[in-house]
Every structure is written in structure tokens, then in C-alpha cells.
Amino acid sequence: MCEENVHVSEDVAGSHGSFTNARPRLIVLIRHGESESNKNKEVNGYIPNHLISLTKTGQIQARQAGIDLLRVLNVDDHNLVEDLAKKYIKDESSRRTLPLKDYTRLSREKDTNIVFYTSPYRRARETLKGILDVIDEYNELNSGVRICEDMRYDPHGKQKHAFWPRGLNNTGGVYENNEDNICEGKPGKCYLQYRVKDEPRIREQDFGNFQKINSMQDVMKKRSTYGHFFFRFPHGESAADVYDRVASFQETLFRHFHDRQERRPRDVVVLVTHGIYSRVFLMKWFRWTYEEFESFTNVPNGSVMVMELDESINRYVLRTVLPKWTDCEGDLTT
């Protein structure tokens, strides 16, 4: 086994200067569960990429990702989380997950405030739905708080569009499990309150509209020769193009962190996104070279990647071990 590098960010404040107590304890990236196109590439030829749904396996992975998220949060009752894990994870040994390294919960303060950013692609929204269902179940069992059935997050709604309830505190593209949506019960212990935002900048890399499987096989061979980061798909994007979207979104995050200095900061920020976007996000944040980016292979569906704030060094540390192409680290994908 080769020694894994520890990835530490150089600057958590971006170009907005240093600030304290305004940054989330964790930044978590979650890849969507298995989609129909992960199972059968032919669907890319007749279903728009943004409308591809999860498979039944992907729906299971979405709920398991909810368990994995709860496991890294500072919650009231970790035993309750493990009880839920027994319900949603039948065989831990059969799962393809990413290991955590040196995650010791540097802060023990309870996590009660989460913001989710989701790719608007259907498979990402459906993954988020599975995650939120698990959190809602934890909230109901732990603190007696239940969300009204007709006010739960719905990734579909009518036709192509998600359903976004519009309460007093809600605007288009934002969903909250706030007091407007609570049907019964009062917070008894730690009530995990969350906010959901649709964010087009964290969408999948554009592979070029409808994709015929035979032609895409040839394109993929060319990409392998050219290089995964700079190769641009016909009528689509390169990973370098995705990098530009990542840079824009991270600047938005830094502004949000800065603006929350006068208010309670988010305890946890979660991005429900895609495999390539997740790796490019980490590349930009930790300032990897393109060669370092290309050394990492894709993460399994439903994977949870954890960045933890280490206030002693004023930096975020990547606590998840990512899989690489090299043989000595090949076992990290299991």
C-alpha cells in the first residue's frame, strides 16, 4: 500500500481576506447514485442528459449516502444513526465506499444547520431526495419533528420541473424544512434544519447533447490519448471548462461565508453533484495541477467526500481518500 498524501487547502478565505467563525465545519461533496446511463450507455442517445433518472440501485445508494452524511455530522444520537443504517444498508462489506483518513471531529459542537447545493440534473435531485428522506426520518425519531407529506422536497413535480414550495421565506429555487413545513412535533434535542438551493454551475460536464454509443467509444479513445483534463467533447465541454464553472461557484461560496459573519454560519455545506465536477472542485480548492487531477479516477456512485476545517492551521483538510489509477492504490475504490 502506498502512502496517501494529505490534501490541505492553501487559503480558505479566497480573495476576500481572512475571516473567522463564518466558515462551515464541513464541506461535503456527494456524487449521485447509479443512473440509467451508468447502467446502459445507450440511453444517452435518446434521453437528454439532464433528464436521466436513478436506477433502483441508485435510489438505494442515495439513501445510503444520507446515512454516510449523518455518520460524519455531530448529531445528538449516533446510535440512532446506526439503527437507521441497519435499515438502509443490508451489507456494509458489499458497498463501494471511500475511506476516511484522520477524521476525528476537530469540533464537537452540534451540527444543526446545513445548506445543500444540488445540480439541477434529475439524477442529482433524486439523490438529494433520498438523502433528505433519511434526514427527515432521523429528525422525526430524534426530536419528534415531522415534515408534512405534501411539503416534502420533490425532485420532479410537474413534468420536468422540481417542486419548490413557496412559503414566506422561500423563493424560486430554494427549499427549507423550516417551521412553514413542519406538521407536528417540536424540536426536543438537535433538529437538523436544512436549506436546498438549485445550482446550475455544479452540473455534469457537457458531453455534447445526444450521444450515440459507437461514436462516443471513439471519442473516449481520443480523450485517453489527448488527456482527460484538456480534451473537449464535440459540442460539449472539457474538464478545463468545468474548472471555470468551479472557480465561479467557489467565489460565490467565499462571499457567502464572508456575508454570514454577522449571522450564524452554516455548520455544513453539501454539494450533490457529479463525479467529474467533484474532482475538479477538489482540484481548484486544493490547487492541484492538471497532472494530479488526471491521476485520480472516478469515485463510485453515491460516494461522500469530506473536507474538514482545521482552525489550528486555518485550512480545510480533505479527509476522504480518493481512488487513483495506480495499482498500489487500486484497493481504495472498494
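Cβ atoms are placed via backbone N, Cα and C, with glycine included.
Note that the structure is predicted; figures quoted are calculated from it, not measured.
Per Swiss-Prot, the features are:
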ACT_SITE  His32  active site, tele-phosphohistidine intermediate
ACT_SITE  Glu126  active site, proton donor/acceptor
BINDING   Asn38, 44-45, Arg108, 168-171, 195-205  substrate binding site
MOD_RES   Ser248  phosphoserine
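Gln205 (substrate binding site) falls within neither a helix nor a strand when secondary structure is assigned with DSSP, and so counts as coil. Around the Cβ of Gln205 (substrate binding site), 18 further Cβ atoms fall within 10 Å across all displayed protein chains. The C-beta environment of Asn38 (substrate binding site), restricted to residues of the same chain at least 6 apart in sequence and closer than 8 Å, consists of Thr55, Gly58, Asn301. In this structure, Glu199 (substrate binding site) belongs to neither helix nor strand by DSSP; it is coil.
By neighbour count, meaning other C-beta atoms within 10 Å, the densest spot among the recorded positions His32, Arg108 is His32. If you take the Cα of Val196 (substrate binding site) and the Cα of Ser248 (phosphoserine), they are about 19 angstrom apart, rounded to a whole number.
The Cβ of Ser248 (phosphoserine) lies under 8 Å from the Cβ of Arg201, each on the same chain and at least six residues away in sequence.
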